[in-house]
Amino acid sequence: MVASNSIWDNVKDFFEEVGDMAHFTGRFFREVFKPPFEFRELLRQCYNMGNRSMLLVGVTGFILGLVFTLQSRPTLMQFGAESWMPSMVSISIVREIGPVIIALICAGRIGSGIGAELGSMRVTEQIDAMEVSGTNPFKFLVVTRIVATTLMLPLLILLGDAIALLGSALVENIKGEVSFLLYFNQVFDSLKFSDIIPATIKSFFFGFAIGLVGCYKGYYCSKGTVGVGEASNAAVVYTSMLLFVIDFIAVFVTDIFFGI
Amino acid sequence: MKQQEDILPILEIKNLKKTFGDNAVLNGFNMKLFKGENLVVMGKSGSGKSVMIKCLVGLMRADSGNIKIMNQDITLLRKTDLDLLRTHIGFLFQGSALYDSMTVRENLEFPLRRHKKKLHLNESSEALVREALRNVGLEHTMDLMPSELSGGMQRRVALARALILKPKIILYDEPTTGLDPITSKEIIQLMRHIQKTYDTSSLIITHDVDCARVISNRMILLVDGINYVEGTFAELSNSKDPKVQAFFKT
């Protein structure tokens, strides 16, 4: 009886949380098109999220391309299909691995950062101070961050993909004596718009999800410093799950429109 | 006419009620703050002082009752009108609440960006920031981050930020809490200086008896969610009522 009550409570909490998040999303869309627009803060956030994530995304992308190529090479060689390497790597990275891995990395770096920052602003009354000074804190803090992640994530994914392909080309150059020119010629021959466009659209949604969950968790943070830790942690966990759900939906939609 | 304006309260609370679950924190609280007055509201921790002050600025919604600030009922105001009214109110938070990602200068400029024109403040932002910081004796901290300041300095910068739009009313939420006795005295002196310089009306929420003694023109004791007793510091400190005496016994 106690166990069933506990399960019921968890289910109820889950749906309440989903409802609250839907309400939060609705508020974002109501506020985002309403003046005044906080362009300066938006630019600052874009710089913080974009520029300061470049190194992490670059290193991750490079290692991803390098390892992926090193691991796939022996198997392709068994079938005498190593010439397919550039096509296989580029399609895998651009369509799926690049966006998902980089979005997960950004959920850890950006999402948790937003959750912790807004959470600590909430518990130290900085958000209340903003409201009392006659500024809409939702617009200044939440809208700018969600827009910034939505705009920056596709760019970071593009950068990560490019560096991953560079890493892959380096392995091919060293191990297979394939020139960079030949490698990238094959990459561009094999990539189609139907590979790039759905992946780019998907990455906007990934960025939106990272910003939304981080802001939601931070903005409604409570319970002092413990709450800040929980907000930061929950931002990463919820976002990671949401990214896979979005990815799953994106693959279905891509299949309908482009045929995988 | 002038006299009648002076008698009308600049801030008035009527029958304010606020409940959290079964706990009735405010149970019909009434209060009037007059122009140029320093009114101290004292109460035990958890007696609802901070809830009351948050209801005053619309950070919390009361269950029932009326709150009139400068003759406008804030419970009936639209968001934009409430934001405009808030520019006439300075709020000093208990923990200072400085924006820690901004410098002192940016903290003070923050309210100016949105409201400077609306309030017809003709001086440049730079001049207003300098003036506010000069009034709290911290002009040299302009380009420092809040984390580089001591607790007392943070409280003074927060006070400068509360003053930047030249408000008519200042609300102090536990202005001396967490400060050492010497810094507390400095803050209290500063509050008196500010009141004279800016001709503001002040509502001070505190449980610091020294602060109340020095600064109050009138006091209200908040007990069991109501204004239990009102009077000057001398009247209340000499009261025979044990509930009142409990605040003044050391």
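Positions of Cβ are set from backbone N, Cα and C atoms, glycine also.
The transmembrane segment annotation in TrEMBL covers A:54-72 (among others). Outside the transmembrane segment (A:54-72), and at least 6 residues removed from its termini, the chain residues within Cβ reach (under 8 Å) are 85, 88-89, 92-93, 97-98, 101-102, 105-106, 109, 156, 159-172, 175.
The transmembrane segment annotation in TrEMBL covers A:84-107 (among others).
If you look up TrEMBL, you'll see A:146-171 (among others) marked as transmembrane segment.
Per TrEMBL, the feature transmembrane segment maps to A:196-216 (among others).
Under the heading transmembrane segment, TrEMBL lists A:236-258 (among others). Residues 96, 99-100, 103-104, 107-108, 111-112, 115, 194, 198, 201-202, 205-206, 209-210, 213-214, 217 of the same chain lie 6+ residues outside the transmembrane segment (A:236-258) yet bring a C-beta within less than 8 angstroms of a C-beta in it.
If one looks beyond the transmembrane segment (A:84-107) by at least 6 residues along the same chain, the residues whose Cβ comes under 8 Å of a Cβ in the stretch are 53, 56-57, 60-61, 64-65, 68-69, 72-73, 76, 149, 153, 156-157, 160-161, 164-165, 168-169, 172, 176, 178, 183-184, 186-187, 189-191, 195-196, 198-199, 202-203, 206-207, 210, 235-236, 239-240, 243-244, 247.
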